[in-house]
Amino acid sequence: MGMRMMSIMFMLVVLATTVVSFTSDRALDAMNAAASKKASRLIALAVRGCCSHPACSGNHQELCDGRR
């Protein structure tokens with residue numbers, strides 16, 4: 001292979017690596033956002049459950065804000 005062909009092959013490999021890396025990052029960001037949203041919902045459910053029990057809400061007044 002000539003020097004020109006090797007340069008073209010190198011650029012194609014770099015381009016392919018960049019495209020794969022970019023799409024992988026976007027997919028990972030979407031998965032992280034979904035996991036974060038699910039965790040937030042689970043935490044909210046746990047706090048609501050705690051606030052409905054007098055003993056738990058008494059220990060965690062900063063979370064329950066006086067509601068039961």
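Cβ from N, Cα, C; glycine included.
Owing to the predicted nature of the structure, the values given are computational and were not obtained by experimental measurement.
Residues annotated as disulfide bond in Swiss-Prot, with a curator's inference given as evidence: CYS50-CYS56, CYS51-CYS64. The annotation aspartic acid 1-amide is assigned in Swiss-Prot to ASP65. The feature signal peptide is assigned by Swiss-Prot to 1-21, with sequence analysis given as support.
In this structure, the CA atom of CYS56 (disulfide bond) is 12 Å away from the CA atom of ASP65 (aspartic acid 1-amide). According to DSSP, CYS51 (disulfide bond) sits within a helical segment.
Rounded to a whole value, the Cα-Cα separation of CYS50 (disulfide bond) and CYS64 (disulfide bond) is 8 Å.
Cβ packing within 10 Å was compared across the recorded positions CYS56, CYS64, ASP65, and the lowest neighbour count falls to ASP65. In the shown protein chains, 18 other C-beta atoms lie within 10 A of the C-beta of CYS51 (disulfide bond).
In this structure the C-alpha atoms belonging to ASP65 (aspartic acid 1-amide) and CYS51 (disulfide bond) are separated by 9 Å. Other Cβ atoms within 10 Å of the Cβ of CYS50 (disulfide bond) number 15 in total over all chains.
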